Amino acid sequence: MSGLGNKRAAGDGGSGPPEKKLSREEKTTTTLIEPIRLGGISSTEEIDLKVLQFKNKKLAERLEQRQACEDELRERIEKLEKRQATDDATLLIVNRYWAQLDETVEALLRCHEGQGELSSAPEAPGTQEGPTCDGTPLPEPGTSELREPLPLQLRPPLSEPALAFVVALGASSSEEVELELQGRMEFSKAAVSHVVEASDRLQRRVEELCQRVYSRGDSEPLSEVARARTRELGRENRRLQDLATQLQEKHHRISLEYSELQDKVTSAETKVLEMETTVEDLQWDIEKLRKREQKLNKHLAEALEQLNSGYYVSGSSSGFQGGQITLSMQKFEMLNAELEENQELANSRMAELEKLQAELQGAVRTNERLKVALRSLPEEVVRETGEYRMLQAQFSLLYNESLQVKTQLDEARGLLLATKNSHLRHIEHMESDELGLQKKLRTEVIQLEDTLAQVRKEYEMLRIEFEQNLAANEQAGPINREMRHLISSLQNHNHQLKGDAQRYKRKLREVQAEIGKLRAQTSGSTHSTPNLGHPEDSGLSAPAPGKEEGGPGPVSTPDNRKEMAPVPGTTTTTTSVKKEELVPSEEDVQGLTLGAQGPSSRGREPEARPKRELREREGPGLGPPPVASALSRADREKAKVEEAKRKESELLKGLRAELKKAQESQKEMKLLLDMYKSAPKEQRDKVQLMAAERKAKAEVDELRSRIRELEERDRRESKKIADGDALRRIRQAEEQIEHLQRKLGATKQEEEALLSEMDVTGQAFEDMQEQNGRLLQQLREKDDANFKLMSERIKANQIHKLLREEKDELGEQVLGLKSQVDAQLLTVQKLEEKERALQGSLGGVEKELTLRSQALELNKRKAVEAAQLAEDLKVQLEHVQTRLREIQPCLAESRAAREKESFNLKRAQEDISRLRRKLEKQRKVEVYADADEILQEEIKEYKARLTCPCCNTRKKDAVLTKCFHVFCFECVRGRYEARQRKCPKCNAAFGAHDFHRIYIS
């Protein structure tokens, strides 16, 4: 039951409107706790047990409160420790910087003392006075007071550690700390004053030195420039000193203001901290009150549980004693009901009294306000009366009419004078405008003549320049056309060469693919006949020369070839690798470019190739022949060796022929280089392009011949393989593979060289294109210059025409001005006529003024009649007001009677409701003679109230926090899941967090 009571108390605290919460809190604060009832006890042991249980319960409550207090105190201690740490840190920072300041001041004082000792010594007559070793001027000799040591109590504890400083501050009292800090401040002030005095003495010393220099300059022959320089430096020094003093004063003032603001900030922070502490104290008090309230609620819940348990026991018990208990509980319920009724009645009476009290206070306030207003009637009220407004309207009307007449008269006179003055001014302006226009016309004619002469000169100069440019363009035209034709032909030829190179590359890839297939076939055949050996297998295992040995070459070795041969799918990878190798690297391109500059390197390269091939063929040694070999095979092997030697000799001959060709090309390149150096720029470009073209053609022809040879050899090898037996085919295939590898390396090197040469040719062609572009740009610039000259000539013609037109227009303007002068004379005549007409109109205005005065008299008479009418209306208004005053008391009486009737009606309704409740209770007593039956009926009513109104089967165990209507949890959850999220009673919308369970015990 205690758990249910706690849940109910928590639910009551969490739900309900704030008004109900406040009333409940007020009730709990005034609740009287009844003594604890221990119930039926049969022995002292049970008494001790229950007392111990109660004590344990109380101790647990106190322990919880103690733990909460300890947690809060621990938090406060942590906050205070943090604050103390920050305060200690700030104190240490202040102490450190103050100590540094004192040390620097002492160092300055020691420096000045040393300078004073040096300056106190007698000076030699021939020595020059100047600054010391550290760059500061010597002070005066009379600085003995600076050398006096400061008192010990004024010196700060500079060597004192930080922790000792904090401990000393904590150990000493506030008076001691204040005295110590005061002494430290006095020391700092004294030290700073000493520094200032020393600086003043130094300044005086400098001035004396300057005076001595001036006097010595007067006695000794010095240049005027040096004297002027010293004077300027002295003035500059004084100006800088004044500026420094001003800046120091400004800095001191700003620092004082900053310190004041800092003090204000610290005071505000202390106030904030104090307010935070007060807030924490108040929160502590609130927590204490809340705990007390929870405790009282718990006691009240336990008391209610015990009361309910006693009620149910009494209802379930039988006999005479049980009947007495039920009757007492019935009386208790009746008293509670009467008490509630009386409370409701008292609340209604109190509301009525408060309403009447508010009405009474409002009436008293209005009465007092009206009395005060009646005693001091302001002028505004008098001005707001009808009579005053009528008189004011009549007066303002007459006054406005008189002002209008007066203003009209003044306007007529002013208009007459203005017309006369404007007429005279207009005549003067016309004369001055005529003179100004004549002068302007003369000056413009002179300017136009000058501009015309200048334009003619410019036109002649432009014409001469245009003819010169035209002649120059006619001479340069054929050359430019020839250059364009040459460039276009070279571009077409370069495109053709690129196409041929692509085609040869494609053929080379096909040949490489066929070589890969042959390798695969030969590797398969070697695996099929493993017992047969080849005398040159050891020579095949030697690595082929790569790029590291002698320039560009194939990267793959025979070992790699043997490893890759068994897998047929690896042929594509080898072909792709070879395709990548066909692209010349940057090192090869650089080598080719260097070969163009120094052909000896290219000459040495072909000589190195046959040596490498011979080394590959000779190898580490021939393997031992097989044991089961026949003499015919040995003869074949000898023939094969002879054939290999013959092939090597042919290869050497080819390499020597290539060497000769390379030497011849070297000589041609030297000749071309000499011609290129001696020829002009345009011819050099032409020669370079032609040489590149010739070189590319030769390389293409050589590549074609190489490809044909490779194809023929491939065909021959395929025929030999088809005709011979298996062993001969295998050996021939191996030899062919070796030979093809070597040829492939050579072709690759040649191909890479050709590709690099093609790149060089392309680069030269691009340079030529850039040069041609520059030439075309120059041609365009010349054309643009010619066009500009033509446009300037056209513009000059147009300007000439425009100037003529302007001259004609100015002549027309002169004629127009003459016509304007004539027109102005006509307007003068018209204005004179207008003046005469205005004089006539002035007479008409005077006549109109007399008519207006007559109308004014007529309006005055009308105003008198209106005043009489206002008097009549005033009498009627007074009559209406008296009648209104007579009707107002009747209205007040009727209002009071109506309020009294409504009050009596409310009272009668309350009496009727009270009597009806009593009648219902009496009927119950009459119907049910026994008190148990009455209680059972009431229990049924209460159960009906506790059942859910939606399903009428389950108990109410869920509340909607939006409207505080109670239903069963299943109905509320079903409506929420069915998206009917509205209260069944009041249609108030609710959400997922707007309903929860309640426990009604």
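For all residues, glycine too, the Cβ spot is worked out from N, Cα and C.
The region 'Disordered' annotation in Swiss-Prot covers 1-31 (among others).
Annotation source Swiss-Prot lists compositional bias 'Basic and acidic residues' at 18-28 (among others).
Annotation comment: Swiss-Prot describes K20 (among others) as N6-acetyllysine.
Under the heading phosphoserine, Swiss-Prot lists S42 (among others), citing similarity to another entry as support.
According to Swiss-Prot, the coiled coil annotation covers 45-91 (among others).
Taken from Swiss-Prot, the feature region 'Disordered' covers 116-149 (among others).
Note on the coiled coil (228-377): mean pLDDT across this stretch is 75. Annotation comment: Swiss-Prot describes 228-377 (among others) as coiled coil.
According to Swiss-Prot, the feature N6-acetyllysine maps to K355 (among others), an assignment based on similarity to another entry. The Cβ neighbour count for K355 (N6-acetyllysine), using a 10 Å radius and every protein chain shown, is 10. For the recorded site, K355 (N6-acetyllysine), the DSSP three-state label reads helix.
The coiled coil annotation in Swiss-Prot covers 437-523 (among others).
Per Swiss-Prot, region 'Disordered' is recorded for 516-646 (among others).
Here Swiss-Prot flags K517 (among others) as N6-acetyllysine.
Summarising the annotation, Swiss-Prot assigns compositional bias 'Polar residues' to 520-531.
Residues or ranges marked as phosphoserine in Swiss-Prot (evidence: similarity to another entry): S528 (among others).
Under the heading SUMO2 cross-link, Swiss-Prot lists K578 (among others), citing similarity to another entry as support.
According to Swiss-Prot, the feature SUMO2 cross-link maps to K579 (among others).
The annotation phosphoserine is assigned in Swiss-Prot to S585 (among others) on the grounds of similarity to another entry.
K517 (N6-acetyllysine) sits 117 Å from K355 (N6-acetyllysine), counting Cα to Cα.
Residue environment of K517 (N6-acetyllysine) contains 12 other Cβ atoms, counted within 10 Å of its Cβ in all protein chains.
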